[in-house]
């Protein structure tokens, strides 16, 4: 469908949003908002050849995803004009992260911003810079951008500035002993210590953690999640029992101060290059 050049959207932050201008008898003018409704907006979008003519009121749902992290965390990418790209971390803060987590359907009460390509760099295609949400918007297309239109970003921004978020959902972890007994956080009352294979509940299934890069700092975070104050790697158990081979986390790199392993660096959850003999065991 060809675009009707008589109909244009002006002064919006992207091509899906703006003041409607219409040319009639060679003169450009605007449309009065009185009686203007969704049906009128459909006609305008169709005339302006906005992709996906079903979108009403400026494509209200921006396609968004988190990459190179977990289900709940990762590098933020949005789709604009048929291509996925990133958000520059210039002025990016928790209010912006709240909107992104809300768009993904996650809890916004406890979010965290990660800057400087914390979850790796994208392909260099940056779509938004200077994002300035107030935290209550349902979509980032409703947030200000300090005058920088989408795909016309601040010169400061490079792929090294790709913004990331952590939409914190509490990860479920447990320890499985050699005799198959499972220990959850609720089971440690009165227990001075626990030992076992670490398992994480992810995508509806329990799975293990690979020992690549795994150290005592990772153990510390896991044991703290279980309610213990001290954790360390138990390498003596590696040759005993391995689990079913469903590896959830590989290359885990915690600093030791995180409150949940979803806050730690790792490969994207569910991707790994491990065999089940590499599953980790810890002492709490």
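Count begins at 1; order follows the chain as displayed.
Cβ atoms here come from the backbone N, Cα and C positions, even for glycine.
Fair warning: this is a prediction, and the values are worked out from it, not measured in the lab.
Listed in TrEMBL for this protein:
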DOMAIN    7-46  domain 'SRCR'
DOMAIN    64-168  domain 'SRCR'
DISULFID  133-143  disulfide bond
DOMAIN    173-284  domain 'SRCR'
DISULFID  210-274  disulfide bond
DISULFID  223-284  disulfide bond
DISULFID  254-264  disulfide bond
Going by DSSP assignments with H, G and I as helix and E and B as strand, what are the residue counts for the domain 'SRCR' (64-168)?
16 helix, 32 strand, 57 coil
Among the disulfide-bonded residues listed here (133, 143, 254, 284), which has the Cα closest to the Cα of residue 210 (disulfide bond)?
254
Here are some disulfide-bonded residues: 254, 274. Which one has the most Cβ atoms within 10 Å of its Cβ?
254
Cα distance, residue 254 (disulfide bond) to residue 133 (disulfide bond), nearest Å?
30
Quick one: mean pLDDT on the domain 'SRCR' (64-168)?
91
Mind checking how the domain 'SRCR' (173-284) divides into helix, strand and coil residues in DSSP?
23 helix, 31 strand, 58 coil
Any idea what the Cα distance is from residue 284 (disulfide bond) over to residue 143 (disulfide bond), rounded to a whole Å?
45
Tell me, how many other CB atoms lie within 10 A of the CB of residue 143 (disulfide bond), whichever protein chain they belong to?
19
Inside 10 Å of the Cβ of residue 133 (disulfide bond), count up the other Cβ atoms and send me the figure.
22
Can you check which residues sit near residue 223 (disulfide bond), meaning Cβ under 8 Å from its Cβ, same chain, 6 or more apart in sequence, and list them in order?
229, 230, 231, 282, 284
